[in-house]
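Before any comments, here is the structure.
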């Protein structure tokens, strides 16, 4: 392994109550909240004015008070303390007392444009993720956590209109075909900031956990309910359902005659089983209620009657389906309070896309770990019959809601945490103490262990230890243990940040180099403070340029490495230097780089050689390598060719060969990435390009090292520097850790089958994560290896060993225990739609590069069909074959399935780099962001003044169908990455002038920057965009789309409920197709 921390970087001792991934909360420290995301700061970095606080900084831990409201740029209010220009040295400062508002700058310097809406409060989650409304400030839970209980069943919003209402057929075609990405998305020019979420008073990390004085109605058991009666036959004349051969014309997306797969489509087969509906690829299993809707009542389901005969052919006469009656997400702005366990039983979690406050009462929060089914099937046969996947979504460092209690830190001293001596499972609330507390039974392997003498405590009348409620590890599903020396193979690594910047001719001319240097210069002040923080900078074109940052020199010295075939580091020291010793040199260098290379005519890029050389410099310590790349790597190690052009010229290959362009060109970069991971180097790549760069090959490095790809295509010097800056700032300030190892343990009878995500795996049981942060999610596929006992519980435990930014070694342990069942109906009632679908999305993304798209789309459809077939065959109570029966918890599964089929990654008409980025993004995306990735949110913004609010800033969402888009309207559509604003051809000129400052659409440039004008409509639009950015934890790129040009067609391609002229079915047609497939399999 690598050497210990080098001299000159002494280990810094954090405060005793310091929580790992949170920075301390005081006026002169880093930001205490996420409310201050800046935009469009100029390339020069003025240091004569107070810095605004970074948008992603977590709150002080374990205790923090509510933050002061934020305002637009202007004079600072009384009592605000500006941030010093140079961070103070020494240990991280202690937290402020609870309920004391920290003094922070409330706006950016006067020389900067207006800020936009903020990131979520550290520890918050996007309040409205998915297709739905957001949680507005007025509806957020109070600091005391007082939340309105779920509405009674009678008040529950209905998913559909009355079954007796007239039924109509939706439009059957789009005005155009799916197309590739168009011009760049202009970035938004700020609006007013919003007050942060209220933060609940929090308790110290040790001692009895606080009780929350919140009364909550007991949750209802999920089930199936007939929110949609059978669709009747309308007497009105209209197009009838076509015959079998007409309803499903042969297409590239959904070929006829799909047969059930014989095993898990995207995973190795678990075991040979009897002929039953196949094990599925992850799909969905949560009720369509969203954003806090109460669970449905038991034994309820949805039935859809397209009036199709027993053989699948349409009956005589005409029939129509009203698109308003088919299942769609129902948004809600309410916040739910979720107790993870009640009455010594696990409670089903709220949807991942909802806004909820989790109270850890023995199981971990669903933010940290969710299961695809909230009851575990006792046998593999039962699981196979259900056709549902069994998997976990694990997000170990996920941001909690601001009103949730902090994770408690437990220090067992030199003895370390109590563990099972057989399976090494960590102590948790589900381990049972016996023999007057002298022994405990492991809930994973069943072994009875001796209780350590200094940990012994007598049992109470209820069989629990008398001190259980005073020990976080015995009453909380998630705790953090202080690791002892036995968990370290070397001293904890320092916080190292190495910036590698492309200075080739293209990068200089497009402004990408200047944008990167400006962003880095501004972010330097947001790096962790103290002597353990180290930085290095290098640039590259056809050669590599290192810089000696030692203070002894009056200015940095450039050291050139010309050999890009056999690279080396010119200096063993002084290339990576403590930030406190080189801050002025770093700022001077970053200001000089764009000028130094402004006349460069070197078009080549030695990307592979540059990251190899930077790795050699970081090898002794590890750390984060942040690379800014603009062109296709063309020389040196890992040089690539323009495979996209080769693929286009070989048009005869068609779809059969298209997927091969999504695979890495060779193994060179993969081998380098494995070596990087071994030495704890995490690589993030910021691709600022206007051409093909082969993301399929480049992304191998960040995926293997726990990093991330950021993609700015086509890069715009006008609008993208703001997004680049904010992405970089969030990257270095979000909760994160270094040199991590993660393992998931399961109870006897279940074992881990496979891990999916951004990591390196050298041994089967563990995943190595050189970097881990709050945004990264890992999927864990499970399988049976024995039978489980009905009525018992099956436990899962995720243990993450990592190093904090301040050099502490910690073990974050999250435990989830779920009941086992032999009842198939229980599996469908307890299915988690969001988790199942996200797991399936990740497996599909993993399969796309190695499988023709046609086959992947076929597997996607079979996955949906087989689950609904199993339910129809074994659980449904309705006998009519003319109805499509959907389990209540999975009624949105067909909608999400057709949306996935039409998504960027599974289409073949888009750019190769766009598809590669989609695959890379999906591999680590969290559940709340995965749903809008395939089913975006669309709202009308032309009638904001007329819409009645429900306490949320985000207006009512619209179905993704062209019938809801009018020529005289303006619409906003966002998917968590991009924000499209579509302008119809007949929009009122006065409305245009209010929103965009121009009465003529042609006068608005394609790369426009949204500004706030002096009228209520413009303010509302800015408020909405700000709130969406805060919810998504992402500075979305804005793109203006006009009807009648390619940008308008690009917008329409996101309307996934419409029929696609190139062969894609509409949502209604897809429901008919699914129904026919089920009928065929039922009759065979």
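Cβ atoms are placed via backbone N, Cα and C, with glycine included.
Annotations in TrEMBL come from automatic prediction, not curation.
Note that the coordinates shown come from a computational prediction; the quantities given were computed from them, not determined experimentally.
The annotation compositional bias 'Pro residues' is assigned in TrEMBL to 1-18, 49-61, 72-112, 202-211. The compositional bias 'Low complexity' annotation in TrEMBL covers 19-28, 62-71, 156-167. Residues annotated as compositional bias 'Polar residues' in TrEMBL: 29-47, 331-346. The annotation domain 'Zinc finger Sec23/Sec24-type' is assigned in TrEMBL to 417-455. According to TrEMBL, the feature domain 'Sec23/Sec24 trunk' maps to 492-732. Sequence annotations record features per position, and here TrEMBL assigns domain 'Sec23/Sec24 beta-sandwich' to 737-821. TrEMBL lists 955-1023 with the feature domain 'Gelsolin-like'.
According to DSSP, the domain 'Gelsolin-like' (955-1023) comprises 22 helix, 13 strand, 34 coil.
Counting residues of the compositional bias 'Polar residues' (331-346) by DSSP class, helix then strand then coil, yields 0 helix, 8 strand, 8 coil. Taking pairs at least six residues apart, the domain 'Zinc finger Sec23/Sec24-type' (417-455) and the domain 'Gelsolin-like' (955-1023) share fewer than three Cβ pairs below 8 Å and do not count as touching.
Across the domain 'Zinc finger Sec23/Sec24-type' (417-455), DSSP classifies residues as 6 helix, 11 strand, 22 coil.
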